[in-house]
Amino acid sequence: MENYGSAKERAREMGGKGKVVFTIIVVVNGCQLGILFKPAEQVFKITGGWGWRVSLGLAGLPAGLLTLGALLVVETPNSLVERGLLEEGKAVLRRIRGTDNVEPEFLELVEASRIAKEVKHPFRNLLKRRNRPQLIIAVAMPIFQQFTGLTAIMVYTPVLFNTLGFYSDAALYSAVITGAVNFVSTFVSIYSVDKVGRRMLLLQAGVQMFLSQVAIAVILGIKVKDHSDNLHKGFVIFVVVLVCTHVAAFAWSWGPLGWLIPSETFPLETRSAGQSVTVCTNLLFTFVIAQGFHQKQR
């Protein structure tokens, strides 16, 4: 939320008739959503220390939606079978497959569950030679997912666009635009991942992200000098388009596939342990990239 001091200063610059822009930015797994609204033609001050409390409390809205959505989620057949609830597992399998002919698949789940229970040390089992390729993928995918730079772009987009010469309102609107591009482009992956394959999406998006980043670097390196933070309007629009191009490529490739591919490579007996490695690696390098980019901003 824009603080009172900055809002007041902007109002003075606009002749005392400025509008306060209240901004809510929510970051969910790299997807940035924004809400912008202008309540009045004057400056408001949230007193009594309620500013940060309101901002923090608004995080309860997506949490509430997730809670309501969780009420509609059923137990997975795998989970029910592993707990010995075979009939319940078969019933859920019929429900999600939409057919009563699930006996072959159900027997496979029962057998896989039996084999998984025989593995006493799944994390130690990950280090065995036969599981090393899957382990390498589980570690490498989230590392390269973060090295695409998407986390830095989504978190620091307002700073980036301010540097490009946008005013505060425009920078915030641009952050919302990139968040919307991220959200919409994810549906491209949902539609095409089983049609064109995982490998094709990763290769295509990798080239697209590389070219857009090179173009952004060239423009900023040539046009933005040490003592100048303004670009020609045409260049600014072009940089915004390039950023959206990078975000879109990530959203239909490395974003969702960075989670999907590791989950598909592990057998059932080591899948939980393997996915935990993927999650830990992702969070670790999210922290590394965010901190590294933050140091550059100082």
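Cβ atoms are placed via backbone N, Cα and C, with glycine included.
Positions annotated as domain 'Major facilitator superfamily (MFS) profile' by TrEMBL: 1-298. If you look up TrEMBL, you'll see 20-38, 50-74, 135-159, 171-193, 200-222, 234-261, 273-293 marked as transmembrane segment.
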Leading stretch by Cβ pairs under 8 Å, where the reference is the transmembrane segment (273-293) and the options are 50-74, 135-159, 171-193, 234-261: 135-159
Averaged pLDDT, computed only over the residues in the domain 'Major facilitator superfamily (MFS) profile' (1-298): 75
Among 50-74, 171-193, 200-222, 234-261, stretch most in contact with the transmembrane segment (135-159) (C-beta, under 8 angstroms): 234-261
When counting Cβ pairs under 8 Å to the transmembrane segment (171-193), the leader among 50-74, 200-222, 234-261: 234-261
